[in-house]
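Q: Structure provided below as structure tokens; questions to follow.
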Amino acid sequence: MEKANETSPVMGFVLLRLSAHPELEKTFFVLILLMYLVILLGNGVLILVTILDSRLHTPMYFFLGNLSFLDICFTTSSVPLVLDSFLTPQETISFSACAVQMALSFAMAGTECLLLSMMAFDRYVAICNPLRYSVIMSKAAYMPMAASSWAIGGAASVVHTSLAIQLPFCGDNVINHFTCEILAVLKLACADISINVISMEVTNVIFLGVPVLFISFSYVFIITTILRIPSAEGRKKVFSTCSAHLTVVIVFYGTLFFMYGKPKSKDSMGADKEDLSDKLIPLFYGVVTPMLNPIIYSLRNKDVKAAVRRLLRPKGFTQ
């Protein structure tokens, strides 16, 4: 295991991966490669149909196209490096490349948190205030909503990455992770990281707490409105328009809260299990969730399935 001199600055990092579990690495390589291909194909198809099919030129599918593009960017910022790490005995990464990866991953994660809350608002207006939907969710409204999600996520990423790269790293240069995950990198700093911790807590409130509360309140009103519909068929039809989004929210935020909110183990055996889970949970969040998103939206949405069929038919969008 490489260590930098205790007084010399770290010029690069070593990614530790699953070195304690070498028997799993080939299996994980194949699984992650297959999932990455599904992510590219599934999200790529969703982006195509939301652009090419005029029937899907609505706020909901505009947000969905943004989410699909974001998932491709998010996984591409880390998965190729993860795959490469399985093929090399010891994966090293330069300080600057690590900073770029931290920035991209953080920006994509923050943007997705806000995008999901914007999508919840879209569903709230569509179900609870349908007569004013076209006025409230006009193009002049939903495009700035999406743009602000990207801008705020990017700004937060710049702040956190800037704070992280200004820290001195003069000791252990081994990142106990697949990628340059910001929390794993901060553990290697040989200086006080109080500012980083405080800023991270503030960010957690902005990107986790506030969106979850907003989404929760939106769905309280949505479910209340659905329950007032007299027919069971009517309730089922209306709920189907937001069930895919609700499923994605539960998977996405459930993984995030488990990753950042779970208690830490104190005994050595528990620490070993925690060490493995600290790698597998972000892997699930960074690969499995983006893979599930297009599957969930295509299985739960008749419009998307019909658009995909039209895409596969010659001249399907010309009719």
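Glycine too: its Cβ is placed from the backbone N, Cα and C atoms.
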Q: Quick one: does Swiss-Prot have N129 and N173 on the same side of the membrane?
A: no
Q: Under an 8 Å Cβ to Cβ limit, what residues of the same chain, 6 or more beyond the ends of the transmembrane segment (197-220), are close to it?
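A: Residues 109-110, 113-114, 116-117, 120-121, 123-124, 153, 156, 159-160, 163, 183, 242, 246, 249, 253, 256-257, 260.
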Q: So if I measure Cβ to Cβ from C190 (disulfide bond) and keep only same-chain residues at least 6 apart in sequence, which ones fall under 8 Å?
A: P168, F169, C170, G171
Q: Name the range, of those listed as 27-50, 102-121, 141-159, that has the largest tally of Cβ pairs under 8 Å with the transmembrane segment (280-299).
A: 27-50
Q: With DSSP assignments reduced to helix, strand and coil, which class does C98 (disulfide bond) get?
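A: SS state of C98 (disulfide bond) = helix.
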